[in-house]
Amino acid sequence: MATELDKIFLTLAIVEFIIGMLGNVFIGLANCSEGIKNQKVFSVDFILTCLAISTIGHLLVILFDSHVAGLAPHLYATDRVVRPVTVLWHMTNHLTTWLATCLSIFYFFKIAHFPHSLFLWLRWRMNRVIAILLTLSLFLLIFDCLVLEMFIDISLNIIDKSNLTLYLDESKTPYDKLFLLKTLLSLNSFIPFSLCLTSLLFLFLSLVRHTRNLKLSSLGSRDSSTEAHRRAMKMVMSFLFLFIVHFFSLQVANWTFCILGNNKYTQFVMLALHAFPSCHSFILILGNSKLRQTAVRLLWHLRNYTKRPNPLPL
């Protein structure tokens with residue numbers, strides 16, 4: 001039977017799910033309708049749509065996982081539930097993270113200005129660079145799935161033992177393997193994080209250089225390019241902040257689950273972990289002028305609809 005803490009956990013998980021679905025469904029529908037109307041799909045719209053779809057899938061897996069954790073935690077000890085849920089969670093999380101990373105790199109190439117020949121060469125082949133990164137992410141996903149299979153097998157073997165402390169004292173080999181596999185899974189997250197951090201640093205350098213050139217030419221320090229730099233930096237910084245919270249929450253959740261099992265601490269750490277897919281879509285909407293204008297029009301129509309008087313009954 002669900003306790004009060006379980007009910008609070010499930011309520012917060014459902015709230016996160018609804019918030020995330022509202023933002024990502026809006027992004028997907030807005031970009032699809034725009035593409036159908038214009039008969040053309042731009043690179044940024046394609047990345048945003050794929051990101052919205054992968055995040056929706058991730059949110060659905062999270063919702064199912066939260067209900068299992070809150071209502072039937074004993075199922076985590078069975079291979080029938082823990083393996084498909086864990087693999088699906090990692091797959092959708094991997095795709096969401098890498099698509100968000102590619103979006104940050106796209107904004108960097110689109111907005112930053114450097115005279116260096118390597119930057120100009122990469123910028124000219126921006127779509128190809130994004131395609132190569134997505135292909136690399138798929139190879140890393142295959143590697144992740146193989147490591148994850150071994151991680152799940154060892155975890156289930158440890159859970160099957162009646163006395164975990166005695167088992168670890170008798171043989172350190174399973175624990176050492178678990179630590180090694182968890183480290184490998186964690187290291188893969190550093191690649192998209194490093195790419196986003198590099199994009200942010202170069203965007204900042206480009207902004208400083210652009211502002212200095214404007215001051216030297218006596219044109220002031222604010223123009224359309226400066227504002228574009230700042231908007232892009234805010235988006236990448238927001239993504240990095242959410243990604244840091246997401247990454248450290250994942251590490252804490254992994255350790256608490258491996259050491260303490262599926263307890264109340266693990267459940268509430270997972271809520272912080274799920275803030276990334278829930279909130280990131282609204283950062284994207286606020287940072288994209290087209291999506292922001294569409295959202296404002298939608299809210300205006302909803303406001304007028306709610307204020308419209310009801311017809312008198314016959």
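Every residue, even glycine, has its Cβ placed from backbone N, Cα and C.
When N163, N254 are compared with the annotations in Swiss-Prot, the one labelled N-linked glycosylation site turns out to be N163.
With respect to the membrane, V44 and W124 are annotated on the same face, judging by the topological domain names in Swiss-Prot.
Panel annotation: around the transmembrane segment (51-71), residues 2, 6-7, 9-10, 13-14, 16-17, 20-21, 24-25, 27-28, 31, 81, 85, 88-89, 92-93, 95-96, 99-100, 103, 262, 266-267, 270, 274, 277-278, 280-281, 284 of the same chain, lying at least six beyond its termini, place a Cβ under 8 Å from a Cβ of the stretch. Counting residues per DSSP class in helix, strand and coil order gives 4 helix, 0 strand, 1 coil for the topological domain 'Cytoplasmic' (123-127). Counting residues 6+ beyond its ends, the topological domain 'Cytoplasmic' (123-127) has Cβ neighbours under 8 Å at 43, 106, 109-110 in the same chain.
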